[in-house]
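Asker: Residues or ranges marked as transmembrane segment in TrEMBL: B:12-37, B:43-64, B:96-117, B:123-150, B:157-178, B:190-213.
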Amino acid sequence: MSLLSVQDLAVARGGIRAVEGVTFAVSQGEALILRGPNGVGKTTLLRTLAGLQPPVAGTIEAEPDAIAYAAHADGLKGALSVAENLRFWARIFGRDKIDASLSAMNLTDLAERPAAHLSAGQKRRLGLARLLVTGRKVWALDEPTVSLDTASVGLFASSLRAHLAQGGAAIIATHIDLGLPEARMLDLSDLRAQPGRAARPAGFNEAFA
Amino acid sequence: MIALFARDIRLATRAGGGFGLGLGFFLILCTLVPFGVGPSGATLALIAPGILWVGALLACLLSLDRIFALDHEDGSLDLLATAPIPLEGVVVIKAAAHWITTGLPLVVAAPIFGLLLHLPAIAMPWLVAALLIGTPALSLLGAFGAALTVGLRRGGLLLSLLVLPLYIPTLLFGAEVVRRGMVDAAPLTPLAFLGAITLLSCALVPFAGAAVLRVNLR
């Protein structure tokens, strides 16, 4: 059964269509890797899937509250400790256990440290640990491995594999090789939108489109 | 939702959270005004209701842009929008946390500031009541303004310009309650209007705020 299916989707950034005609489906245990040069619309596509912006055309079919989104920014508060940050997100998603997620991302030793004092890679690991506490089935990840070292990329890849083995799915925009030979690829550069087509009605109505 | 509320309160009370900023501003205003106006008790008592309410309003305005801007910068707002709690709830909780950290301290400290401005003792309960009923409207309307300007860099100026006209009814009725309280002339009437403004913003702001947040997050 497919967890997320997308039909003939077109997405826009800043009122201009980025990619169009995107069609794919991911089922349990599947990962889809989005490729394409900078600015082609990978982030815009992921934000649309996460429900942060409406699609210009096409349909997205998924169960309600199925998608966990992780962006470039990790949503961390520097004044709170690692454990407090993670516990907050766990409670927002209606859960309370964070120990497993901390150890999966090798953060147990840093649990009491304020997030402001973490390195960029450690912050990223905390951002990824947040995904584990959401308990959602489909991960929409925007360049999850930025500023991670090789060992942490391996850590992330094994968490991802565990997530897929438990019946989850993932859509990942990335430029590096995650070591997931079974993952499918979708190259967005072939789906670049034709120039000249407006995405939404211009002017006042834009806000309500 | 409780988690979000607890987090916002905790962030506000930690270093750099801005707790007490409004209170400090209020204190500065109320100590400077007597120096500027002169020490005549009668003059001070005359302008005290207006000064106290303008002070509360500006103190509230001072921290408004933090309501959503900080969460937008670090990406939390995107993540909250995709979380299972409704965005309307996020707006209410954020406004409530703002009120607890800026409005409530003002309410508690208001009698002391009233004393600095020679406010007659008979008006003190009315000052506290008016602030208690009126300041939630300031936080709620401010949350709407903050939601409207969340994506803008240095949106503070625009935010102030947008929110100030919305604050005027609260200011009018709030100061009127204290003024009538001083001469014991039916302060309940403006107090009822003040309550109506707060209830109206309670009913409208969550939906309006969530709608503009959705547009801004696109």
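Glycine is no exception: its Cβ is also placed from the backbone N, Cα and C atoms.
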Asker: Within the same chain, where does the transmembrane segment (B:157-178) have neighbours whose Cβ lies under 8 angstroms from its own Cβ atoms, ignoring anything closer than 6 residues to its ends? I mean 6 or more beyond.
Answerer: 48-50, 52-54, 56-57, 61, 64-65, 119, 123, 126-127, 129-131, 134, 137-138, 141-142, 144-146, 148-149, 187, 190-191, 193-194, 197
Asker: With CB pairs under 8 Å as the measure, which of the listed stretches B:12-37, B:96-117, B:190-213 comes out on top against the transmembrane segment (B:43-64)?
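Answerer: Per the Cβ under 8 Å count, B:12-37.
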Asker: Restricting to the same chain and to residues at least six past its boundaries, which positions have a Cβ under 8 Å from a Cβ of the transmembrane segment (B:96-117)?
Answerer: 5, 8-9, 12-13, 17-23, 26-27, 30-31, 33-34, 44-45, 47-48, 51-52, 55-56, 59-60, 62-64, 67, 123-124, 127-128, 131-132, 135-136, 138-140, 142-143
Asker: Six or more residues beyond either end and a Cβ under 8 Å away: which residues meet both conditions relative to the transmembrane segment (B:12-37)?
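Answerer: The answer is 43-44, 47, 51-52, 54-56, 58-60, 62-63, 66, 97, 101-102, 105-106, 109, 113, 116-117.
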